[in-house]
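Undergrad: Quick one: the structure is below, questions incoming.
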């Protein structure tokens, strides 16, 4: 099989700018069923991660132009989770976690907001502004209600960081090098303490980038001089000071019981401070470097079964670090490439497409190279949520959270002519997923609240396209927007697949529900539920009505759509996955079948590509040996027996030889944006090496420490 290995795509994700866990830590507490991590990026998008199943991305809340996320807080209630964000504007945004849209935008009635904090006990939201105002809002009215409460005693400097010490004391770190404490119990919310930090370099006032309050009342600050200071929370006096950072300390993390503090910043060091055995004094135990550029934010969560420190910054990757074994256990870096692919392939036309923020780019796979064809730039403020291209490349659909646009393409030897298909329905509905049928006569649209629409495209010249709203499952399992239960939030449709014969399409959600629709009579059938998040699925081209599914638990299932049961292959093999596959940390990003071997179910992720032959039985489980990866591994040409021999020496594992190979996996290609079939016996592999991302023009230089003699 020939592989087109592509590395020229200039795709660089946005920096991570803010993050927060949905629940407060408790070392002796059980893990909440609905524990989530919100990660904000400079593009304005917010990613919602599930710590279960080795950190799966549940959904993305899409932002827009000049809406960088600079602060995130959660309000945790018995009936709902509420998510609030700020972004260098005068607006506080509350997000609808069911639809992914902003629920309400509340103006601060002050300057641009730089910091945000929340007190769940009193349902009070506090924001700090660049004009020195600190504004309180009441959120006790429920989702969508943010009511102005009052403005605290004014001061003149920008408020860079906020945290509630108690329900009556609010701590703010300011741009004049002073930590201020407001007493909210007094009528005028007076400032009861001012704590001055040391001046930064060149005599300038230090910028206090982060403040945190511990359970015993201790206040911790991090500032632009690189200092981390511990303050007595009762008398508001300095207890201890550490100046271990070589540049600005930007963020702080605190353990559940307040016995550990972590700091990081521009110098990339993550430093651990601890107070052990009931001692009053803090000590700096150790430091490690996990990131290659500035660390902008961190969050800590601890419970009985989980203790993690998550950090992120300019290098776009999430670091997952053990809290209690900080300097003893290995950390994990979650790849910067998007877990929901931002690329698609049109196999008949040998085209592939990339979308990002507000633009879509299109290339043709030629012989011997690639040819850039088209760039579509949207005038909308909202970021692109999804896009799709028809198999013959003549139609492209692009969607945001508010609207969908359809384009018709005509190709000539030198140019591509683009015409916009105007339609009032598409102009007023956003989509989370889009897919064309094989004959391009229908567009399947999944709305932000998991409604499914079928748009008839056979008569594009008509004034109004024919639209069918498909019936929803009666159990409402796949339409969680109707329910108020916390556990249903973000559990919308996450995957879609269309059969190559045009008879069926299937949708699946993040809790394992799978529904298959008939394109002829638009009825649906419910398939057996899998036990975890459906990551990718595809229909077999050689057997009618067979759907293969890859889950977040690293399991592969095959369903017979007509009987609504597992196939014989799945009954025999789904619980017998090879260790090389079942123990993978990176979950599947996509799946497909190739035309030369139509029974081979290809699955790929950021750092691996594999296939299962669904006509062959897997052998009995065997222990997974240590995988050795050589950079000169040669599997980018023909996948023949000679190149697949000696599996462990080149990062490849396979069961069987030739056409009798029932399983194969390689770790050579990394990290990947797309893997897809582009013709008979041809694969397209699009890589975006991390080194190329970090050297892109948009990436600032990392901190450099000049040493004597260097």
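One-based numbering along the chain as shown.
Note that Cβ sites are derived from N, Cα and C of the backbone, with glycine treated the same way.
Quantities reported herein were computed from a predicted structural model and do not represent experimental measurements.
Below are the features listed in Swiss-Prot for this protein:
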REPEAT    11-59  repeat 'WD 1'
REPEAT    64-105  repeat 'WD 2'
REPEAT    108-147  repeat 'WD 3'
REPEAT    154-192  repeat 'WD 4'
REPEAT    199-241  repeat 'WD 5'
REPEAT    290-327  repeat 'WD 6'
REPEAT    328-365  repeat 'WD 7'
REPEAT    488-527  repeat 'WD 8'
REPEAT    529-569  repeat 'WD 9'
Undergrad: Look over the recorded stretches 11-59, 64-105, 154-192, 529-569 and say which has the most C-beta pairs under 8 A to the repeat 'WD 6' (290-327).
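TA: Looking only at 11-59, 64-105, 154-192, 529-569, the most contacts with the repeat 'WD 6' (290-327) come from 11-59.
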Undergrad: What same-chain residues lie close to the repeat 'WD 7' (328-365): Cβ under 8 Å, and 6 or more beyond its ends?
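TA: Counting only partners 6 or more residues beyond its ends, the repeat 'WD 7' (328-365) has Cβ contacts under 8 Å with 4, 9, 11, 13, 43, 55-57, 60, 65, 288, 290, 315-322, 371-378, 380, 383-384, 386-394, 396, 398, 416, 585-587, 589-590, 606-607, 671-674, 676-679, 684, 686, 688, 690, 693.
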Undergrad: What residues elsewhere in the chain lie close to the repeat 'WD 4' (154-192), defined as a C-beta under 8 angstroms and at least 6 residues from its ends?
TA: 114-119, 121-122, 124, 126-134, 136, 198-200, 205-213, 217, 219, 221, 223, 231, 233, 236
Undergrad: Residues of the same chain, at least six outside the repeat 'WD 9' (529-569), with any C-beta under 8 angstroms of its C-beta?
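TA: Counting only partners 6 or more residues beyond its ends, the repeat 'WD 9' (529-569) has Cβ contacts under 8 Å with 50, 53-54, 56, 58, 494-495, 497-501, 503-504, 506, 508-514, 516, 575, 577, 581-584, 587-593, 595, 598-599, 601, 603, 612, 614-615, 617.
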Undergrad: For the repeat 'WD 3' (108-147), report the average pLDDT of the model, please.
TA: 96
Undergrad: When secondary structure is assigned with DSSP, how many helix, strand and coil residues does the repeat 'WD 4' (154-192) contain?
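TA: Across the repeat 'WD 4' (154-192), the residues distribute as 0 helix, 20 strand, 19 coil.
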Undergrad: So, by DSSP, how many helix, strand and coil residues make up the repeat 'WD 8' (488-527)?
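TA: Per DSSP, the residues of the repeat 'WD 8' (488-527) fall into 1 helix, 21 strand, 18 coil.
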Undergrad: With DSSP helix as H/G/I and strand as E/B, how many residues of the repeat 'WD 3' (108-147) fall in helix, strand and coil?
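TA: Output for the repeat 'WD 3' (108-147) reads 0 helix, 19 strand, 21 coil.
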